[in-house]
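Before any comments, here is the structure.
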Amino acid sequence: MNLHEYQAKDLLESYGLKVQKGIVAHNPNEAAQAFDQLGGKFAVVKAQVHAGGRGKAGGVKVVKSSQEAREVAESLIGKNLVTFQTDAEGQPVNSVGVFEDVYPVTRELYLGAVVDRSSRKVTFMASTEGGVDIEEVAHNSPEKILKVEVDPLVGLQPFQAREVAFKLGLEGKQINDFVKTMLGAYKAFIECDFALFEINPLAVRENGEIVCVDGKINLDSNALYRHPKLLALRDKSQENAKELKASEHELNYVALKGNIGCMVNGAGLAMATMDIIQLYGGKPANFLDVGGGATKERVIEAFKLILDDENVKAVLINIFGGIVRCDMIAEAIIEAVKEVNVTVPVVVRLEGNNAEKGAKILADSGLKLIPADGLADAADKVVKSLG
């Protein structure tokens with residue numbers, strides 16, 4: 001689950017980090033009032049959306065008066081912002097953040113952390129190349145990114161943060177401020193179950209003060225039951241409507257740009273299914289994992305979700321029966337096909353627990369379903385069904 005910038009900054013500030021002061025505004029008048037309340041000569045109005053690249057897309061503007069703040073807010077709120085990280089429709093802008101002007105600054109740094117699956121540790125990354133896309137830095141100048149793996153038994157130690165500060169070229173009080181920032185960020189990461197966080201840029205002001213000018217936080221969705229206050233910050237308007245609907249039925253769904261709908265149980269099998277569709281010349285329209293303990297109702301909802309995509313011209317159902325019985329899947333498929341007006345070819349491959357029984361149920365249903373014997377046969381048939 002992603003947080004908006006203003007929410008991320010509020011959370012980081014509660015852990016002792018110095019952040020760029022700001023006020024969220026939901027309409028132009030509130031934006032004008034926020035400018036006056038901040039009391040500076042300048043302010044920065046930023047569209048609050050769950051996407052990067054806002055500046056290049058016109059979602060970040062420097063304003064010099066409350067009237068300018070009102071005008072910029074009016075041009076953003078209620079519109080969709082299209083960036084390199086969004087789809088063609090963009091993300092809806094329901095609010096803007098009006099932030100204090102912290103510039104000029106002497107340096108822009110980068111500080112971030114992720115859960116590194118390979119090392120199974122929280123790994124911090126820091127760089128002198130702040131204010132730019134960190135992926136670009138990693139590609140062009142990987143030597144400019146410092147990495148610190150944190151031992152989960154003892155946590156991030158002050159000496160590790162000091163070492164990073166030295167390598168970033170910080171001096172005097174800046175070192176202590178950076179250590180405080182990094183330690184506070186780690187504490188927030190662990191206590192709030194972050195999956196990812198970034199401060200880009202982490203600015204060094206002319207007076208030596210270190211300030212978080214931006215903030216990006218992604219929370220581990222599997223841990224949200226432990227954080228009801230953070231869950232309350234969820235902005236469903238920023239989420240893909242189909243993916244949101246899928247999550248309500250405990251389905252793992254990701255929309256893609258192909259025309260072959262996929263329903264599979266198990267993430268690994270789902271990825272293998274997408275790969276073999278691609279191998280046979282097809283294009284998957286989605287990733288959809290109904291889970292190892294899929295119920296009849298969940299399968300029906302998954303089928304509806306796939307067919308709700310107008311780009312889907314054929315469907316491949318690939319089920320390996322373990323905990324999930326293939327006969328139950330077969331009954332759910334029949335019920336879903338009867339309930340939804342299916343006008344596209346449906347290829348079904350069942351293997352494992354009660355597979356023969358499931359195949360017989362489908363064969364006796366009288367529905368125009370295409371049985372497949374094996375994964376390769378299923379991929380071949382679904383691609384050929386497109387004509």
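The backbone N, Cα and C atoms fix where each Cβ goes, glycine too.
Annotation source Swiss-Prot lists domain 'ATP-grasp' at 9-245, citing sequence analysis.
The feature ATP binding site is assigned by Swiss-Prot to Lys46, Gly53, Arg54, Gly55, Glu100, Tyr103, Glu108, with sequence analysis given as support. Using a 10 Å Cβ-Cβ cutoff, Lys46 (ATP binding site) registers 26 neighbours.
Residues or ranges marked as Mg(2+) binding site in Swiss-Prot (evidence: sequence analysis): Asn200, Asp214. Counted within 10 Å of its Cβ, the other Cβ atoms near Asn200 (Mg(2+) binding site) come to 22, all protein chains included.
Swiss-Prot lists Asn265, Gly322, Ile323, Val324 with the feature substrate binding site, giving sequence analysis as the kind of evidence. In three-state terms derived from DSSP, Gly322 (substrate binding site) belongs to neither a helical nor a strand segment and is classed as coil. Counting every protein chain shown, the number of other Cβ atoms lying within 10 Å of the Cβ of Gly322 (substrate binding site) is 14.
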Quiz item: Largest pairwise Cα distance, Å, within the listed substrate binders Asn265, Gly322, Ile323, Val324?
Solution: 10
Quiz prompt | In sequence order, the binding-site residues (Asn200, Asp214, Asn265, Gly322, Ile323, Val324) whose C-alpha falls within 10 A of Glu108 (ATP binding site) | solution = Asn200
